[in-house]
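Below is one structure, written out as structure tokens, with a few remarks after it.
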Amino acid sequence: SVCAGLDLPGRFLFATLTLMTLIAILVFIEEAVYIYRKTPSSKRSIIIWINAAAPVISTTSCIGMWIPRSTMFTDFTAGIFFAIVIHKFLMMMIKECGGQKLLLRRFENGHFTISTGPCCCCCLCLPRVPITRQTLFWLKVGTFQFAVFRPVLVFLSIVLWSNGNYVLYNLSPKEPALWINISMGVLTLTALWAVGIVFRKVRTLLTCKNIIPKFALYQFIVILNHLQTTIIHMLATQRIIPCAPPLSSVARGSYIAQQLLIMEMFLITVISRVVYRRKYHDLEPLECTDEEAGDKKQTP
């Protein structure tokens, strides 16, 4: 078992990381209750989903740390959940603007700047796109496709793995793992690009709703859960991270990635509690309030 192979410092580390995961779960539950009581019903579920990202990743990492053979399943679970969270974050920005109709009215003569990261930040020659119902629809599709197709690719990976045709860290051109990972990478970049386009347009309007720190936390989760983990696994595959018997290089890399994620997601959970703990109906932009008041006056 894992515990049998650990010395006293190792057991203390595992116990500390497990305690951090439990605290993160408790902090999230308390925050979810607060959001449920204080937040308008139209935004409730979206904000709770987004707040759940860090605790879920921390929990899956903790399970993978204690049960090494479950690493592939825990990584896939965290990836599927965060794919949904990316779509939810885009929808949250639209909701915080007052909904799609009010956003289109506010920016009816405006344009989206599509030369933004992570796909086109260097392509400054790209034209600006008018803000219409159609362009907003395609931006929603950009994140929704990730929430739909990532579970499909994960299911395909598990089927191939059960048949012995899929090795998680074997990136040979002849192996399906390489092409599945490339497909996931393209889907991920497309979804992040859509979120970046909308954020760049609404960040000034939603400053009063802490959208910049919320977006920063979301970006940190993306970087830590995807980029950091991928780099560590690549270093382990190339044996740059040395083996430490009884752990191979790959197993040690997985342990390092999981332990780092637990600590990082714990911090993000605590910071998210501060950033999202607001009475959202008290933070409506003045322009939104004025427009809604005008609409009510015109309504007989």
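For all residues, glycine too, the Cβ spot is worked out from N, Cα and C.
Those TrEMBL annotations? Automatic predictions, nothing curated.
For 12-34 (among others), the entry in TrEMBL reads transmembrane segment.
Annotation comment: TrEMBL describes 46-67 (among others) as transmembrane segment.
Annotation comment: TrEMBL describes 73-94 (among others) as transmembrane segment.
The transmembrane segment annotation in TrEMBL covers 137-158 (among others).
Beyond the ends of the transmembrane segment (178-199), by six or more residues, the same chain brings 79, 83, 86-87, 89-90, 93-94, 112-114, 116-120, 139-140, 142-143, 145-147, 149-150, 153, 156-157, 166, 170-172, 211, 215, 218, 222, 226 to within a C-beta distance below 8 angstroms of the stretch. Under the heading transmembrane segment, TrEMBL lists 178-199 (among others).
Long-range contacts of the transmembrane segment (211-236) within the same chain, counting only residues at least 6 positions beyond its ends with a Cβ under 8 Å from a Cβ of the stretch, are 50, 53-54, 57, 75, 78-79, 82, 85-86, 89, 93, 96, 169, 188, 192, 195, 199, 202-203, 249-250, 252-254, 256-257, 260-261, 264-265, 268, 271-272, 275-276. Taken from TrEMBL, the feature transmembrane segment applies to 211-236 (among others).
According to TrEMBL, the transmembrane segment annotation covers 256-276 (among others).
Within the same chain, residues 72-73, 76, 79-80, 83-84, 86-87, 89-91, 112, 166, 176-177, 180, 183-184, 187-188, 190-191, 193-195, 197-198 sit at least 6 positions outside the transmembrane segment (137-158) and bring their C-beta atoms closer than 8 Å to a C-beta of that stretch.
Among the recorded stretches 12-34, 46-67, 73-94, the one sharing the largest number of Cβ pairs closer than 8 Å with the transmembrane segment (256-276) is 46-67.
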